[in-house]
Amino acid sequence: MIRDERIPSDELRRIDDEIRSGWSTGGDVDFEEAIRYHESLPASKRFADVLESADKPLLQPRAGVPRLDDQIELLEYLQDDGKADLLPTTIDSYTRDNEYGKAQEGLEKARETGEDTLNGFPAVNHGIEGCRELIDALDAPIEVRHGTPDARLLAAITFAGGFQSFEGGPISYNIPYTKRHGLEETIEKWQFVDRLAGAYTERGVRINREPFGPLTGTLVPPSIAIAIMIVEGQLAATQGVRSITLGYGQVGNVVQDVAALNALQKLGDEYLPDEVCVTTVFHEWMGGFPPDEARANGVISLGGMTAAIAQPDKVITKSPQEFQGVPTKEANAAGLRTTRQVIDMAIEQNIDIDGIAEEQDLIERETRCLMDTIFAHGDGDVVRGTIEAFDSGALDVPFAPSDSAKGAVLPARDDDGRVRIFEWADLEMDDDIKEIHKARLSQRADTEGREESFRMVADDVDAISDGKLIGRPQGKGGVGSAD
Amino acid sequence: MVLDTMSRTVVLGVIGSDAHVVGITILEQALSAAGFDVVNLGVQTSQEEFAEAAVAHSAEAVLVSSLYGHAEQDCQGFHEVLEEADVDAMTYIGGNLAVGQDDFEQTRETFEELGFDRVFDSETDPEEAIAALERDLHVTTSESEQVTVTS
């Protein structure tokens, strides 16, 4: 079984040669030449430096279209009209499945018809030259955002192509995205991605790595997300990565979200090695959005407010057209501007909300329980521990489609809208913490005059798109009725 | 009517390449709470996997979910596959069955023609599907079992 050990250089070279023969553009990668290209970039395009030196949250949207010219135009718009601080390039689904031939067909069709026949930018097909044309055309640093279980070739090409930030990880791009990729398999593949990022880092080109915090995007309890972020951060650090951005997705309760972001930074600093610079990213609500742009702007604004209080290093914004899928560039820029307006109005206020310290303490205790069980499952090795803990269910993610996670744990909101755990299944947790969750959920059940049941879970999943935070039974409960 | 105390087995899954898991997770909980034996095949399930599971567990109903808009394509020939495997079960389908087509009656007709016994839209509560299942399978369950999860 694989362990949390650094890939030796000869092994790195062997895998690299093998991977790059997978598609014609892979042959163009020349590591020394790539280092020289990165060194030629101005300071304003060095992702890690820009992110780590910022004095307030930087904003970044999601965006990716198949054609290079269109991608440049889209990112210029988001940079100029949306005032994005950091830019994305979202990769298409065929590339995520390593189907470069199908991506090529889609790209050629897009070039012929002018239509977006792929749902993102096929960076492997564009090759190093195409990637660099994009990097050269924009002023801000650009990150690769995707969802690829085996991202080795994508990393080899985009790193050489000038990108200095790469989203994803072996758990966060496996458990929420695919059914059949085993964890051991994705960990092994991401060890290569991280080792490659580490190889650039050793040469002075610090590639920023960003585990995907929101996971399944559906009522994920903060401690589960934070534990997985720490694990992926540790795996990346072992391979030599020195700039790591840990992620967290908004759940909508301001106290819990601020507490979770504080805990994420604190525990990240504590668990990851000192030589790693740990930053945080806050994702605006990843669940179902209201089918109404005005109400969607409300959801986005609450995210901006939360970011102003917690002050993460980066915020990934949503657009008011989230409900209907890929937004227009205008709507995408609008999401950036709405978020900026709220953050800039709120950030200089000294907003003090009761209960954040207490909630943060609870989240930290829960996360430590999960980290302890991971280390115990692996006799101190975090790779073995992660695989074994997912296998036993001691570590689990709600609504996980993957066969690698039990997906048996179920969340529900408490009477205050904080995400608690309703069904623990085999998740490892101290009994006194379980009692706290139970008491909070029981309080909600009393307010609503119904039993605790899966029905609450179902109601909560739909609540925000229906216009509320908590999925109350219709005509019952509501604000203040708990008092 | 005879009170049927035997537990009834239903097979549940998301068809095609679809990875939307929230709906079937909630449905699995609801069906179990209502006293059914649930075989949850999870996401990205092929027609053949539905048929094999229905045979292996002698399922009385096969519940298909689809959220990503390719349901019609994914269900072409599904009932022939079930028939070849000698599956004699009720078949339901539910979810976002036709993205961009807002006339649900037309969608219902399309899927009934494909052979489904019942067709549900994405706004359907689990209780509604369970009530239909209980009617179609002539199941009687006690009221307490219908509404709570045993803890």
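The backbone N, Cα and C atoms fix where each Cβ goes, glycine too.
Taken from TrEMBL, the feature domain 'B12-binding' covers B:7-140. For B:S17, B:D18, B:A19, B:H20, B:V21, B:S65, B:S66, B:L67, B:N96, B:L97, B:A98, B:V99, B:G100, the entry in TrEMBL reads adenosylcob(III)alamin binding site.
Positions of the features from TrEMBL, shown on the structure.
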{"residue": "B:S17", "record": "adenosylcob(III)alamin binding site", "Cβ contacts under 8 Å, 6 or more apart": "B:Q44, B:Y68, B:H70"}
{"residue": "B:A19", "record": "adenosylcob(III)alamin binding site", "Cβ contacts under 8 Å, 6 or more apart": "B:V43, B:Q44"}
{"residue": "B:V21", "record": "adenosylcob(III)alamin binding site", "Cβ contacts under 8 Å, 6 or more apart": "B:V14, B:G42, B:V43"}
{"residue": "B:S66", "record": "adenosylcob(III)alamin binding site", "Cβ contacts under 8 Å, 6 or more apart": "B:V14, B:I15, B:G16, B:D18, B:D74, B:C75, B:I93, B:G95, B:N96, B:L97"}
{"residue": "B:A98", "record": "adenosylcob(III)alamin binding site", "Cβ contacts under 8 Å, 6 or more apart": "B:G69, B:A71, B:E72, B:T107, B:T110"}
Chain A contacts among the binding-site residues B:A19, B:V21, B:N96, B:A98 (Cβ under 8 Å): B:A19, B:V21
For B:S66 (adenosylcob(III)alamin binding site): DSSP state (helix, strand, coil): strand
DSSP three-state assignment for B:N96 (adenosylcob(III)alamin binding site): coil
All-chain count of other Cβ atoms within 10 Å of B:N96 (adenosylcob(III)alamin binding site): 18
Secondary structure content of the domain 'B12-binding' (B:7-140), with strand meaning DSSP E or B: 56 helix, 28 strand, 50 coil
PLDDT averaged over every residue in the domain 'B12-binding' (B:7-140): 92
